[in-house]
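Trainee: What follows is a structure written as structure tokens; I'll ask about it next.
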Amino acid sequence: MKTRIETDSMGEIAVDDSKYWGAQTERSLHHFHIGNDRFPREMIRALGILKKSAAVVNAELGLLSEDKKKLIVQAADEVISGKLDEHFPLSVWQTGSGTQTNMNSNEVISNRAIEIAGGVKGSKKPIHPNDDVNKAQSSNDTFPTAMHIAAAEQLNQKLIPALIQLKETFKKKTDEFQNIIKIGRTHLQDATPLTLGQEFSGYVQQLEYNIARVKAVLPSVYRLALGGTAVGTGLNTHPQFAVKAAAQIAKETGLPFVSAENKFEALAAHDSLVETSGVLKTIAASLMKIANDIRWLSSGPRCGIGEISIPENEPGSSIMPGKVNPTQSEQMTMVAAQVIANDVAVNIGGASGNFELNVFKPLIIHNVLNSIRLLSDSCVSFEEHCARGIIPNKEKLNEHLNNSLMLVTALNPHIGYDNAAKIAKNAHKKGTTLKESGIELGLLTSEQFDQWVLPEKMIHPSVD
């Protein structure tokens, strides 16, 4: 392997000459052999956007030459596009400020820009990783800015569309099933009737509320720390840098990023991402409920509830021929469990900042992005391979409806709660129908039962 010598404030170190990173990245590789977690493409892209925007603004403010700006922008564009992803090798489990990954981006952009200019990698000429690429920045404000860029893009580009896709499919099912009457269940026990469409409308509403929750948290994610530098004072930045840089990032992404009004909060705390993670946890809880309902309703096919059928996607057992399992519900419930667990880590990280800097930044963004990705992919998979293929089993639905003792509730206004309860208990004890039980007890006639117990009149408000 051909190497070159890179330098930093600690001296010289050999680096694989085929790589664009420099001394600080190399030292991090030596010191943090921890797990397999690497920063995802979303964070690398965000750092590229940030470095490009900073160069544009620094040039606009007269702090960076036009030639240097062009070189940095060209190299940063390659980072943004993903062309240089292999040159970002660092573990998530590193310094809590993300300093090594910030320097990784500075070094890669510097060396690639030097190469574009026809220079020698590692020379730091004509583009210096600190003086030029990192101008008017500190890891303490760049890394949280990249965190917010990455999270905001993924919430907008992946999670919201995935939730909408699933919601729309459930809305179609709600309309399709609006006239199919079934027995309700509370406490896992029989309850009064509703329609299958009404049941599915609950899922639609959950998803609509969750989409609204994501949109409600976005304004706090749009607030950027850039311009705070080391502790929030803005040391070594132009007075206009923070606002202009946020505006440039907004232009690059098409999202309404703004400069955080208080940089001390933006560096020392990550309450906005803790809040975001809480929203993701809420979505996970909703999806857990929906996925569980679907697999219970489809259980069987002969010895379970079996009121709906779901697509048969793959064999379900290596020993039981013909078995098909609710695998999409299972992936979704596992994803939900993981997202809830991720939120615990984010909460601990968010609560553990000290004085002017939170040093759990990589942990926080790793888990937030992981939760967004898991929820997004899970919703798309569930919609494509399960939700859109759900069909009602009308025979089973009618069987359960007609067998339910809870239809007796319709008799309450006519014969009173106590007498209705007697009919239900007697029918259950003797294995008869409600109608037979009521007639036997002399509490109603056949005609009265037929007039009063009408499931189709029990699915909306009524005092008749």
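Positions of Cβ are set from backbone N, Cα and C atoms, glycine also.
As annotated in Swiss-Prot:
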- 97-99, 128-131, 138-140, T186, S318, 323-325: substrate binding site (BINDING)
- H187: active site, proton donor/acceptor (ACT_SITE)
- S317: active site (ACT_SITE)
- E330: site 'Important for catalytic activity' (SITE)
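Help me understand the surroundings of these features in the structure.
Mentor: DSSP assigns T186 (substrate binding site) to a strand segment in the three-state reduction. Residues within less than 8 Å, Cβ to Cβ, of T186 (substrate binding site) and separated from it by at least 6 positions along the same chain comprise none.
Under a cutoff of 8 A between CB atoms, and with a sequence separation of 6+ in the same chain, H187 (active site, proton donor/acceptor) has no neighbours.
Remark: E330 (site 'Important for catalytic activity') has A291, R295 as non-local neighbours, by Cβ distance under 8 Å and separation of at least 6 in sequence.
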Trainee: I'd like to know which of the binding-site residues S97, N325 has the most other Cβ atoms within 10 Å of its Cβ.
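Mentor: Counting Cβ neighbours within 10 Å, the top one is S97.
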Trainee: Long-range same-chain neighbours of T99 (substrate binding site), Cβ under 8 Å, sequence gap at least 6?
Mentor: Q24, S139, F143
Trainee: For D131 (substrate binding site), which residues in the same chain are close in space, meaning a Cβ under 8 Å from its Cβ, but six or more apart along the sequence?
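Mentor: Listed in sequence order, there are none.
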